[in-house]
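**Student:** What Swiss-Prot records for this protein is below:
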type     : residues : note
SIGNAL   : 1-19     : signal peptide
REGION   : 20-25    : region 'Hydroxyapatite-binding'
MOD_RES  : Ser21    : phosphoserine
MOD_RES  : Ser22    : phosphoserine
COMPBIAS : 43-61    : compositional bias 'Pro residues'
Amino acid sequence: MXFLXFXLXLLXMXXMXXXDSSEEKFLRRLRRFDEGRYGPYQPFAPQPLYPQPYQPYQPQY
């Protein structure tokens, strides 16, 4: 879902046709989004895959 929105935003950036102020604004918004995603504040952080109960591979003989 996030990847889809990112691709849409990239499409919009390609269509913008080089207006400097809007490009800078877009880049600032992207940077803020990344800070929110990987910084201390994660409102929509997904559930961690680990720790999970570790199940070693046991072949069926």
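Placement of Cβ uses the backbone N, Cα and C atoms for every residue, glycine included.
Describe the structural context of each listed feature in the structure shown, including burial, neighbouring residues and relevant distances.
**Tutor:** For the region 'Hydroxyapatite-binding' (20-25), the model's average pLDDT works out to 72.
Non-local contacts of Ser21 (phosphoserine) by the CB criterion (under 8 A, 6+ apart in sequence, same chain) are absent.
The DSSP secondary structure for Ser22 (phosphoserine) is helix.
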